[in-house]
Every structure is written in structure tokens, then in C-alpha cells.
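The structure appears below as C-alpha cells.
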Amino acid sequence: MNMGQAKSYSVIVIGGGHAGTEAALSSARMGVCTLLISHNIETLGQMSCNPAIGGIGKGHLVKEIDAMGGIMARAIDKSGIQFRTLNASKGPAVRATRAQADRILYKAQIRYTLENQDNLSLFQQAVDDLIIEHDQIKGVVTQMGLAFMADKVILTSGTFLGGVIHIGQRNFQGGRAGDAPSNALSGKLRSYDLRVSRLKTGTPPRLDNRTLNYSLMQVQPGDTPLPTFSFMGVKEDHPRQIPCYITHTNEKTHDLIRDGLKDSPMFTGNIEGISPRYCPSIEDKVVRFSERDSHQIFVEPEGLTTNEVYPNGVSTSLSYEVQLNFIRSIKGFEKAHIIRPGYAIEYDFFDPRGLKQTLEVKKISGLYFAGQINGTTGYEEAAAQGLLAGVNAACAILERDAWLPKRNESYIGVMVDDLITKGANEPYRMFTSRAEYRLLLREDNADERLTPKARDLGLISEVCWQSFQVKYEAITQEKNRLKNTWIQASDTQAGVVLNQNLNHEYSLLELLKRPKIDYQILSQIESGKPFLTDATLINSIENQIKYAGYIKRQLEEIEKYRKNENTILSVNIDYDSIKALSSEVRQKLELHKPETIGQASRIQGVTPASISILLVYLKTYQSK
């Protein structure tokens with residue numbers, strides 16, 4: 001280790017994936033001298049699995065990252081080749097944006113942003129060791145023995161820690177196909193008293209677009225008009241749009257897969273890591289859902305300038321021979337050529353209950369974990385954690401209060417609270433169902449919830465802040481106009497538009513509250529003009545007005561809960577001494593060491609009665 005020439009930074013980020021890039025950018029945007037170290041600069045922002053961003057719950061995270069000044073939304077707006085709004089016919093809480101990405105364009109956008117960010121330097125080299133003295137991080141050591149010193153280090157290792165790739169009975173070490181694992185760093189972390197386990201994820205074989213018969217498949221076009229991810233985005237940012245396609249497995253496919261299970265590492269015991277529940281391999285689906293005679297496959301192009309296609313829905317670790325046979329049994333894939341075989345990968349992750357709310361490791365001061373190392377799965381979940389870790393590392397350097405988003409403020413807050421309170425016994429994926437207050441945490445109001453905080457932290461530009469102010473001033477003015485514009489009962493034209501006679505005068509706001517009346521219908525009423533034309537503003541206004549009653553109720557629930565939510569629990573509490581608690585609850589509180597009453601209440605098995613006992617104990621404890 002060459003300490004004599006060691007260069008110092010305030011924050012070092014290890015890893016250039018989705019967590020690492022957001023961590024490095026957020027730290028640097030706050031004015032902190034930051035170094036991003038990646039084993040390969042060419043893979044910054046690489047999409048290792050599916051070429052897509054967003055989806056249910058995930059799209060909400062992307063909007064929140066954007067509201068906090070992150071790059072993911074802007075990058076996908078400039079690289080997305082198909083955009084769709086999922087759950088468009090359902091309520092606003094569960095509507096979500098999803099975009100198919102051109103991998104090459106996406107990666108280029110990320111790298112360009114990193115290379116042009118003030119206060120941020122890049123360095124290519126694998127990190128093999130951490131410099132830790134008296135349980136305090138001091139820096140890192142690269143593969144060639146170079147030392148870089150820093151007060152804060154953020155580890156975003158993805159699937160690289162102890163990574164092992166499986167294809168049939170063959171397995172070999174790797175962080176992903178074509179990349180070496182981080183075994184030395186994994187060994188270093190395992191030497192500390194951190195709870196470590198193994199998880200598994202997988203990816204499907206990539207196919208040659210020229211060998212597929214799309215005439216046998218169902219076309220899946222994108223939405224019109226095109227949505228955007230970034231609040232600063234415009235449709236003109238999007239590159240050329242192209243369709244995806246849909247096909248299905250069949251009984252022959254399933255028979256071939258069943259016959260190949262004898263060589264499947266998942267079913268022979270070679271893989272011990274736990275798989276993602278909501279993204280199972282095709283062999284897992286065939287076994288678990290044996291009554292089904294087909295499974296849907298989304299045929300997704302990987303870009304505008306490549307022939308590679310991603311068959312979403314057939315992730316597999318079966319042998320190459322079995323992969324080729326079952327792929328060619330699928331309609332439209334009869335002559336398919338596999339460019340890259342599918343594989344499964346096992347890797348180390350560390351129990352996120354060993355983290356503070358800031359994502360700092362409790363046992364090693366100054367070290368932060370973000371991304372799959374914490375047991376999550378998905379680009380969006382990783383990026384959100386990276387953003388949070390980067391902000392909090394910078395806050396610590398600047399001696400500012402940490403950013404601790406709450407469950408009622410953001411999906412980022414929901415995710416982090418779930419992780420540090422409940423842990424992850426399987427790869428954690430974000431869904432809207434995980435949020436108690438999801439009507440407050442819509443995609444359309446992510447900027448309203450978070451951009452003022454981003455402004456306070458120094459994460460956004462003046463242009464972004466001014467755009468935000470203009471938007472919400474327009475929304476406020478229009479809501480006031482709707483409230484104060486009255487339609488008379490004698491207005492026959494309004495009656496025709498509304499398809500009902502008015503028995504007395506109504507404000508436009510009152511009319512908009514009705515289930516079958518939307519803003520577009522109201523805009524046809526001559527006496528109510530002028531109306532807005534911006535679809536984004538209209539959507540926000542409709543959601544605020546139509547769901548005002550439900551929103552008010554959720555806010556009241558939050559206020560009741562808030563009284564005790566943030567009550568601090570000292571790390572020195574001896575839970576074994578609180579005999580009024582059951583032994584099970586005492587053990588769980590001792591294991592998890594929750595920082596607040598709110599966290600304690602979300603530990604599985606900790607009942608409301610247990611929380612009441614804790615509150616009584618705290619009052620007694622504080623009075624001594």
C-alpha cells in the first residue's frame with residue numbers, strides 16, 4: 001500500500017452503477033470534494049439486466065430522485081425508446097411511468113453528467129481494501145496498492161461482492177458476465193462483525209433481432225402523447241420511439257424446461273442465495289405454477305443501434321443447450337440465435353438492520369452502504385439509496401443535519417425504513433403497496449414533496465427552482481380560479497356539456513370533484529374560460545381536487561401517528577430489563593435496536609401494546 005502519495009477527498013464512492021453514480025453526483029452537487037472509483041470507467045451507469053427504467057413503485061422512486069436533483073430521470077428521458085404509463089385507468093396513487101431504454105444512450109448520458117460535474121473526480125481501479133482505524137473509516141486501497149484517504153466512504157458494490165455466476169452445472173467467479181468479482185473487499189467486510197448472507201438474481205439470454213419473426217407476435221406500442229420522467233423534461237428530449245412485442249411460452253417450452261431441471265443450479269443445490277420473489281426465473285415459474293400452460297414474454301429491444309433483444313420473462317440459469325432449445329420452442333423465436341446466454345449470479349449482501357437511517361454502518365463510522373449490498377433489487381431502488389447516502393455523507397462533512405426522509409414524505413423513506421427496521425430476507429423490491437400513505441406519495445407531486453428540501457440542501461440549480469415555483473404558482477392560481485368561477489343554473493350550454501341540468505349554481509371546483517367530470521369536460525364550458533392546456537398541470541390539479549377528502553383523512557392519520565413516531569430510543573436501553581414486554585418482543589428489540597418508536601412499531605411481532613409499554617418505560621426512564 002502506497003500511503004506516501006495518498007490523495008485525500010472528503011467523500012469516496014466505490015462503484016459506478018446506479019447507486020454509485022447518484023451517490024457521487026449528490027455529494028459533489030453539495031460542494032463536497034468527491035471521488036468515484038470504478039473498476040471500469042466504460043461501464044458507468046450500465047444496465048446489467050433489463051433495459052428499462054420505472055414501473056409500479058419504481059417509477060415513483062425515479063420521480064423522487066429527479067425531485068432531489070438526481071440524474072436517472074433526465075438520463076432516461078434522453079435515452080428512452082418507448083414510454084408508457086402503467087395503471088393509467090386506475091387511481092393516481094398507483095399510476096406509474098415506465099420507459100424502455102437504449103442501453104448505449106443511457107450509459108452515455110450518465111457518463112457525460114459525471115464527467116462534467118464540478119467537485120467530482122473519476123478513477124479506474126478495483127478497490128481491494130478499506131482503511132479502518134478504531135472502527136472509523138479512513139480511506140480505501142485499490143488493486144494496485146494505491147491509497148485514497150477520505151472521511152466518508154460509500155460502498156455501492158452491486159452484485160460484485162463474492163459474485164459467482166451459474167449457467168447449468170458450470171459456475172465461475174464474476175461480478176456480472178465479463179467482469180471480475182470483488183473477493184478481496186468481500187473478505188475484508190466479512191472480517192468485521194457484520195451480518196452477511198447470500199442473495200441470487202438472474203438474467204435472460206439476449207437474442208439476435210434479425211433471427212426473430214415479429215409477424216407471429218403481438219405488437220406493443222408506446223403511449224401517445226409521450227410521458228416524460230423528469231419534471232424538467234420535454235418530449236423533444238426523447239429519441240426515436242419503437243415498439244416492443246409480446247409472445248408466450250407453451251407446453252413444449254415447459255416440457256423442455258422440466259427435462260433440463262436436472263442440470264439447473266437452482267434445483268441441484270448449487271445456488272444457496274435467495275431469489276427475487278417478484279422476478280422469478282422461468283424454471284421457477286414452470287415449477288411453482290405448474291397449472292399454467294403459458295407465461296408472457298415481453299420482447300424488448302436493447303437500443304436503436306444494436307440487434308440485441310431482451311426477452312423479459314425468461315430469466316434462467318439452465319444450461320446453454322437447454323436455453324437454446326426452449327427459446328426456439330416459443331412462437332416467433334423458432335430460429336432465434338442467442339447472443340449471450342442467460343445466467344444466475346450469487347453475491348454477498350449485508351443485513352441492512354446494521355445501518356442507521358442515513359445508511360451509515362452502525363459499527364464502522366463514516367462507511368455507508370447503498371444498493372444491492374443492502375438486499376434490494378432494481379436500478380431504481382439502488383439509485384434512491386445512492387442519492388440518500390451521498391447526501392448524508394456530504395451533510396456529515398459539512399456538519400449539517402442529516403436528511404432522514406419519513407414514510408409519509410417519500411417512497412425513499414418507506415424503502416429505507418423497511419430495510420433498516422425489517423431487514424431483507426429476500427431481494428427487496430419497491431411497490432406502491434408498501435406505502436401506508438400512497439395517495440400522498442404520487443408521481444405527480446414528488447417535486448412538491450421533495451424539491452424544497454433539495455433546494456435547502458443545495459442539490460438543484462436556480463433554473464430548476466424557478467421552474468418549480470412557476471409550476472406551483474400556476475397550479476395555485478388555477479385552483480383559486482376554479483374555486484371562484486361560478487356556473488349558473490341557467491347556463492344551458494354548461495348543462496349540455498355536463499350532460500345534466502344544474503339545479504343551482506356551482507363553482508368549477510365543485511363540478512370537478514364529481515367522478516364523471518374531468519378538466520377536459522369543464523374546459524368546454526364557455527362561461528368558465530380560460531382553461532389550462534398543460535397536461536402535467538391539469539393532472540396535478542385534478543388529483544388535488546378529486547381526492548381532497550381522502551388526502552385530508554391521510555394527513556389527519558399522519559398527525560396522530562407523528563406524536564410518537566419520532567420519539568428517540570437510546571441505543572443504551574436494556575430491553576431485557578423491561579419485564580412487561582414479552583420475551584419475543586424483548587429479543588426482537590434487542591436484535592434490531594430501533595432508533596425511534598416509529599421504527600420499533602414496524603418490527604414484525606412488536607404489537608401496539610408493546611409500543612404502549614415502551615412509551616410508559618420512556619416516561620419513567622426520562623423522569624429519573
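Every residue, even glycine, has its Cβ placed from backbone N, Cα and C.
Here is what Swiss-Prot records for this protein:
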type	residues	note
BINDING	Gly15, Gly16, Gly17, His18, Ala19, Gly20, Val127, Ser182, Gln372	FAD binding site
BINDING	275-289	NAD(+) binding site
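Shown here: features listed in Swiss-Prot, placed on the structure.
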residue	record	CB count, 10 Å
Gly15	FAD binding site	30
Gly17	FAD binding site	29
Ala19	FAD binding site	34
Ser275	NAD(+) binding site	22
Arg277	NAD(+) binding site	12
Cys279	NAD(+) binding site	19
Ser281	NAD(+) binding site	26
Lys285	NAD(+) binding site	18
Val287	NAD(+) binding site	17
Phe289	NAD(+) binding site	12
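Comparing Cα positions, Lys285 (NAD(+) binding site) lies closest to Gln372 out of the binding-site residues Gly15, Gly17, Ala19, Val127, Gln372. Sequence-distant neighbours of Glu283 (NAD(+) binding site) (same chain, 6+ residues apart, CB-CB distance under 8 A): Ile257, Gly260, Leu261, Ser264, Met266, Phe267, Thr316, Ser317, Leu318. Ranking the binding-site residues Val127, Gln372 by C-beta neighbours within 10 Å puts Gln372 at the top. Here the C-alpha separation of Gly17 (FAD binding site) and Phe289 (NAD(+) binding site) works out to 34 Å. Ala19 (FAD binding site) is 22 Å away from Arg277 (NAD(+) binding site) when you measure Cα to Cα. Taking only the Cα positions, the spacing between Gln372 (FAD binding site) and Val287 (NAD(+) binding site) is 27 angstrom. The secondary structure of Val287 (NAD(+) binding site), as reduced to three states from DSSP, is helical. In three-state terms derived from DSSP, Val127 (FAD binding site) belongs to an extended strand segment. Among the binding-site residues listed (Gly15, Ala19, Val127), Ala19 has its Cα nearest to the Cα of Phe289 (NAD(+) binding site).
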